[in-house]
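One structure is given below, encoded as structure tokens.
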Amino acid sequence: MGGAGGDFGGSDPVISRLAKEDPIPWYKKPNLRFLYFMLFPTCMGIELTSGFDSQMINALQILNSWIKYFDDPQGALKGIISAAYSLGAILSLPLVPIINDRFGRRWSIALGSITMIVGALIQGFSQHVGMYIVARMILGFGIPTCIVSGSSLIGELAYPKERPVLTSLFNVSYFVGQIVAAAIVFGTNNIASNWGWRIPSLLQVCPSLLQLAFVFFIPESPRWLITKDRSQEAHDILKKYHGEMERGEEFVAAEFAQMQAVIRLEYETVSKSSWTDLFRTSGMRKRLLISSMLGLFTQWSGNTLISYFLGDLLKMIGYTESTFIQKINVSIACWSLICGVTVSLLVTRIRRRVMYMACTISLLLCYIAWTISMERAMTGKKIGKPNNGANIATLFFIYMYSPCYNMGYNALTYTYMVEVWPYAERSRGIAVFQLFGRLAGFFTTFVNPIGLKNVGWKYLISYCVWLAFEVCFVYFMFPETMGRTLEELTFMFEGEDLQRQANAAAEKVVNHAEHDTTGLGRRSTSENKLGGSSEVKEHVP
């Protein structure tokens, strides 16, 4: 599978071609413009909570009022406080696909948001460390439902031309959450009372309130509606948001026909709406392996050290002043946001494998250099002769880490997951990715403080070894997915025959439209709307 992408067959990717030929930009399409603006607070804002949490818990650990109230937790207790968020997420993941498939994307976001609101309130009013840990678990329990639903909904609603950029921007809100949390904790840093840590903890409720307020202003996923025998609603959504172009009626007819055909083929060949589907075929097992490893890579690449334990890292090389550390926190978050947005805007220009290879190789080189500078800085501190050059170099590589990581593991993560998984298994596939990411996050946030305390700079060597493995895995296992719609990618591991059948429905509509200069395929659209849904219903539990 290595250097080659999936097998797309020899058929014409008609939807991609029509979208590329559309000369009208999204901001000149009123309905599409409104949809994209609504997607920001509802779907793209979901990762605000995760970014807020990582930065808040990082910043609170150097806040005197928090340290005093919870009796300066260290070692394993400090690790479990940070890891509780990931633990809660792990516990909820088996339920995520069930909720998604039964209630749809929008209600899943709403239910997850309500759960996180409850967790944030308990967290802010915690009376002891046990209550604080439970609150963080409740917060974590709600986030996967929102992430899986939100990332899927962006991909399933977006116009094909803008979809890669929008799904790549999904993770960028993480850094916005980091900046807001860092600024809030910096502002409460001088509050001597317990409100210094309670205010940031309570304000974690804000992203979820935002999602709850706006989520029902956006439409449901057309693909989900098709599986629920609500094809007319699905067609109307596509017509409203994807039909604002010169060949709009033709495009919508082809896109709708292809969606119906692909979903029908999925349920006939690869999906029985069960977790066992992920092991049923060699194509599904490849997707499962890629998703599992990508989940590990997003959390085992050394990012949790910076996200959760930056204060500890800086103290190890002699930077102990609280205000200085808070300033570094805020500046790293701002720098990460710039890097994340920049890389997200490049996903339509650079191939997926190129970005992932550049990401893993640059991360490995960055970590090797960081390990060396960290050793020099800690050695200078230990012998009483601070090595200012090594200290500055360590700070440089901490900042340098952000563009390296964002190149692949931030910008491409959900873009790639949405592209790799077919609709019927998308919720389960992204849930598996989340599971391995959360397990890795739980492990690293629990183990990081122990490793830093016991072996110091040598702990960074373990990340260097793992990053070398990532380079090899990405090179040999990651397929190329750039330049195709979700339906055109559905059977990339299943061979040419299924892919040709999937594309045939769209090609038939376009060919009919080209030969029918008066009706532009209206008859085909009508036939699909009336006849397609019953076919799908037969194969959807």
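Please read every residue number as a count from 1 along the shown chain.
Quick reminder: no glycine exception, Cβ is built from N, Cα and C everywhere.
Since this is a predicted model, take the numbers as computed values, not measurements.
Here is what TrEMBL says about this protein:
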- 39-482: domain 'Major facilitator superfamily (MFS) profile' (DOMAIN)
- 513-541: region 'Disordered' (REGION)
- 80-100: transmembrane segment (TRANSMEM)
- 107-125: transmembrane segment (TRANSMEM)
- 131-154: transmembrane segment (TRANSMEM)
- 166-187: transmembrane segment (TRANSMEM)
- 199-218: transmembrane segment (TRANSMEM)
- 288-310: transmembrane segment (TRANSMEM)
- 330-347: transmembrane segment (TRANSMEM)
- 354-372: transmembrane segment (TRANSMEM)
- 392-417: transmembrane segment (TRANSMEM)
- 429-447: transmembrane segment (TRANSMEM)
- 459-478: transmembrane segment (TRANSMEM)
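Note on the domain 'Major facilitator superfamily (MFS) profile' (39-482): mean pLDDT across this stretch is 89. Proximity of the transmembrane segment (199-218) to the transmembrane segment (80-100) is not established, fewer than 3 Cβ-Cβ distances being under 8 Å for residue pairs spaced 6 or more apart.
By number of Cβ pairs under 8 Å, the transmembrane segment (429-447) is matched best by 80-100 from the list 80-100, 107-125, 131-154, 459-478. Of the ranges 80-100, 107-125, 131-154, 459-478, the one with the most Cβ pairs under 8 Å to the transmembrane segment (392-417) is 131-154.
Same-chain neighbours of the transmembrane segment (107-125): 42-43, 46, 49, 88, 96, 99-100, 131-132, 134-146, 148-150, 153, 198-199, 201-205, 207-209, 211-212, 215-216, counting only residues six or more beyond its ends whose CB sits under 8 Å from a CB of the stretch.
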